[in-house]
Amino acid sequence: MAAPGPGEYFSVGSHVSCLTCLGQRLQGEVVAFDYPSKMLTLKCPSSSGKPNLSDVILINLAYVSEVDIINDRTETPPPLASLNISKLANRARTEKEDKLSQAYAISAGVSIEGQQLFQTIHKTIKDCKWQEKNIIVMDDVVISPPYQVENCKGKEGSALSHIRKIVEKHFRDVESQKTMQRSQAQQTQKDSSLSS
């Protein structure tokens, strides 16, 4: 490994090129370097090809056979961006609530189909929760097992109609996905029988 020796560091903002033990060449701007663990963080052009995005890659220098500094940054790096702590706390709280909701559904014995439907609804309408095996949406609509359109109950109105449309679309999408997977499996089976 041609990594820095004792007392040597990668400067934030420098551009480096690394060759991994798998022969993969990685090139990018140094975002961070932790000397004790020999972990290097690079910001690289996006693998999606989108110009306004970047990939951030963590590299363990123990698994790198070569490191070349392309352009060493000599000036002081720009100050770190400030963090919106309340926004981060809200996101962490929301993620925790989502995970607890998933865990509740699993422990309550809710079917995979019910869990998937809950996730689909939750993407659009955050105000949904579990009540035993029932999905409660906006405290107005109850969806009971087996979670089909006809299992949506509530007072007639736009909320019930909207939820029924989401449920209907969810199962339509699931069915079209299954059909596509079956046709791909049949094509693969057909291709393998032709090659034998």
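Yeah, the Cβs are placed from backbone N, Cα and C, and that goes for glycine too.
Remember, predicted model here, so these are calculated numbers, not experimental data.
What Swiss-Prot records for 3-73 is domain 'Sm', and it gives sequence analysis as the kind of evidence.
According to Swiss-Prot, the feature domain 'AD' maps to 81-175, an assignment based on sequence analysis.
Away from its own ends, the region 'Disordered' (174-196) comes close to residues 113, 116 of its chain (Cβ-Cβ under 8 Å, at least six residues beyond either end). Residues or ranges marked as region 'Disordered' in Swiss-Prot: 174-196.
Look at Swiss-Prot and you will find 177-196 tagged as compositional bias 'Polar residues'.
Mean pLDDT, taken over the domain 'Sm' (3-73), works out to 87 on the 0 to 100 scale. The residues of the domain 'AD' (81-175), classed with DSSP into helix (H, G, I), strand (E, B) and coil, number 57 helix, 14 strand, 24 coil.
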